[in-house]
């Protein structure tokens, strides 16, 4: 197989979303797997994993043409480009009108064959995905399972966790700002002689917020089986992949996926223990690694945000004072008239 095509497919797979599949097996059990696939004009790549093992198939247009003659002889004369959309529909998500069956060879190769049988018009169309299991003793450029799970699962998970923490800290900061604004508004109204019943709640602190969240977390009943699906449906996971929330846009873009820089240049695991200056530093942009870091450094800092908010508060405070003074002058004029 052409090495450039292989690298192109593997790079595109990094930004493809996982889709859950329940594949029946020959012995009557169900194989719980997750599948991501990329289809281009020159073929397709499919990655299958149960998050313990990994299988991969990369099929160029020549291989797809050979498989059409073997598994779908009725469509052997159809151009490959015309059949790829039907093959793609089998693994984009699990279809209720498509019959799936999986066969796993528990030998040295560990091949996983996924049979998908549906219809094209009124004609039965069967396709077999022949996925080779990835092993730790393969030679480059063939990926090993650890590298695949690290790039396709661990790195997005770390990025989602860090972004979630950043948003929580930002939310707590904004809540504190709004709380101070309310107190200033109360003080201003009191200073101008306006009486109102004091209704002040306790100030919001990170410790109090975490305490309530901890208690809620302890009372939750979460099963290990539900975790992967819940994570893959998380909006931040789709954001990390650079995918659009618009389903139509996603469907139209399946042939032209290019990985974002922050996933394309995924760092390899360090030999020693991970520290604050290791992988986390390269992920959060604290260690410059390329031109992408320059763009991230242009984001407003915390001091700039607080300064902007302070200026906005002052302006709003002056407007409120002017309004109150105008109301008081009108009251004085009315009293003089009376």
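Here, residue 1 is simply the first one shown, and the rest follow in order.
For all residues, glycine too, the Cβ spot is worked out from N, Cα and C.
TrEMBL does not curate its annotations; it predicts them automatically.
Lifted from TrEMBL, the feature list:
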- 274-300: compositional bias 'Polar residues' (COMPBIAS)
- 301-322: compositional bias 'Basic and acidic residues' (COMPBIAS)
- 17-132: domain 'XLF-like N-terminal' (DOMAIN)
- 250-338: region 'Disordered' (REGION)
Counts of helix, strand and coil residues, the domain 'XLF-like N-terminal' (17-132), according to DSSP
27 helix, 57 strand, 32 coil
Over the domain 'XLF-like N-terminal' (17-132), what is the model's mean pLDDT?
90
